[in-house]
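Presented below is the structure to which this report refers.
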Amino acid sequence: MWKLTAVSKSRRAMTCVFLTQILPLSLTHHHHIHSNNTCAISDTSRSLHSHSHLARTTPKGYLGLPIRSICSKSSEVTSGLQSMQNPESVTYLTQREAAEIDEILMGPLGFSVDQLMELAGLSVATSIAEVYKPSEYNRVLVICGPGNNGGDGLVAARHLYHFGYKPSVCYPKCTPKPLYDGLVRQLESLSVPFLSVEDLPSDLSVDFDILVDAMFGFSFHGAPRPPFDVLIQKLVQLHNYDQTCQKPHIVSVDIPSGWHVEEGDVSGQGIKPDLLVSLTAPKFCAKKFSGSHHFLGGRFVPPFIVNKYKLHLPPYHGTSMCVQIGKPPQVDISSLRENYISPEFLEKQVAADPIDQFHKWFGDAVAAGLREPNAMGLSTVGKDGKPSSRMVLLKGVDHDGFVWYTNYESRKARELSENPQASLLFHWEGLNRQVRVEGSVQKVSAEESEHYFHSRPQGSQIGAIVSEQSSVISGRHVLHKKFKELEEKFSDGSLIPKPTNWGGYRLIPELFEFWQGQQSRLHDRLQYIPHQINGKREWRIVRLAP
């Protein structure tokens, strides 16, 4: 069967002393705002630098990849990183604070402009991908300004290309520096089109689904000069777009270009983005953001800055480079749909044996890095005829069937004892694939259950003993108390006995369906049906209407 199975203390202290001596006193000043608005964004710190050599190189305000603690006390490091109990509570930065944070990042903390720009651009691209799938919105125009905000846009365009979008770039005032020259050459090597302002259509909605506003960041002052005043007006004009037609979605990097960094859209006639990607932390103007989606990006702010500024920011999930903040947008559930784009799934391409075909697709899911590709929905029905479903984990599969493990006194176990028939459903969203399996169910041998039980981590073994699955308990404290008692009992490494009421089941397949999502709901559905040929079971493949 196929089984699915430091820096020294004194040196750190010296670093803390060094930082205490060089960081501006204003770092102790912070603003913590409780807001009901869905908003926030941060930009680059290019101005208001107290050190002239930093003023020449500082990029925008960034949030970022976690780095090692600089201070020795763990409580000081982690206090600012705790998850917010209230998702509407977030810290907003003034222009000066954002600039000071950039000074620290690129001064004593050792970040370079190109590092921060790469992380910021990646955050913008991943935020766009979270909301606007390339199968629906793939034509992207990235409008880049002459500074760091524009550099973020160039980086985002490169990542969007690799994510499957078709980006074009409007970069009317190229910055004559090696960093920006390199970003342009990278895009040219991908054959990403560069369009002049004159090349742009009068109505941007004709050629583009997404418009990325990467013109000006939080350090911008005054009125926009040509040609950016014209470009901003092109985006503003989209607010009056015919609502019966699909208008492009506007994405602003850090702050909407032309907004006052602290007061927002003062005139009320500025850009109104649909998606705002804040970098480092939201700026004060972000409180005025009223669009549908607000993301925080960058993920490079170290604990020292979080604690120094008392930043309250939402935690990032897993390896994500962005996190949504503020209230989730109001969504019309009936309008939620995905227009799948997948290779054709044809009868001549599939294996004759459904188990072999399953192994192929499962291997694809593993290779794609999908989370828990062995997760499957298990549906059962008891003698009362009422169905129930839950997610379980596949722990083995071969030509004898599909194996999982559970408590033999749970609801699913009771229903299987009354009606030993079940169905399994695998859903691999990242590949637009599903596999459905139906069949009869029987317990695996005691030896097989025993072997798997002792292959599990000690905590999982103890958890199986502690949990009387599906029974009513008075609270989590009951589980924790039992767990701690058993953890202490087996702390000497002695063998943990498998509970007699715990073991595996095997579903013996009698029907398979392989589903591949396609455009316009014309999905591929290939079903394997068993039949006898000369006393031997063979599988017949038929195509079902979607």
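In case you wondered, yes, glycine gets a Cβ from its N, Cα and C as well.
Among the features that TrEMBL reports, domain 'YjeF N-terminal' is placed at 98-333.
According to TrEMBL, the feature (6S)-NADPHX binding site maps to ASN148, ASN149, GLY150, GLY151, ASP152, GLY217, PHE218, SER219, PHE220, HIS221, GLY222, ALA223, ASP254.
Cβ-based neighbour count (10 Å, all protein chains) for ASN149 (K(+) binding site) stands at 30. For ASN149, ASP213, SER257, the entry in TrEMBL reads K(+) binding site.
Taking the C-alpha positions, the distance from ASN148 ((6S)-NADPHX binding site) to ASP213 (K(+) binding site) comes to 13 Å. The two recorded residues, PHE220 ((6S)-NADPHX binding site) and SER257 (K(+) binding site), have Cα atoms 9 Å apart. For the binding-site residues PHE218, PHE220, the ranking by surrounding Cβ atoms (within 10 Å, all protein chains) places PHE218 first. Per-residue pLDDT, averaged across the domain 'YjeF N-terminal' (98-333), gives 92. Other than the site residues ASN149, ASP213, SER257, same-chain residues with C-beta atoms no more than 8 angstroms from the centre of those residues' C-beta atoms, the K(+) site, are ILE143, GLY145, GLY150, GLY153, ALA214, MET215, PHE216, GLY217, SER252, VAL253, ASP254, ILE255, PRO256. Neighbours of GLY222 ((6S)-NADPHX binding site), defined as other CB atoms within 10 A of its CB across all chains, total 5. By the criterion of other Cβ atoms within 10 Å of the residue's own Cβ, the least surrounded of the binding-site residues ASP152, ASP213, ASP254 is ASP213. With ASN148, ASN149, GLY150, GLY151, ASP152, GLY217, PHE218, SER219, PHE220, HIS221, GLY222, ALA223, ASP254 listed as the residues that bind (6S)-NADPHX, the site has a largest C-alpha separation of 21 Å.
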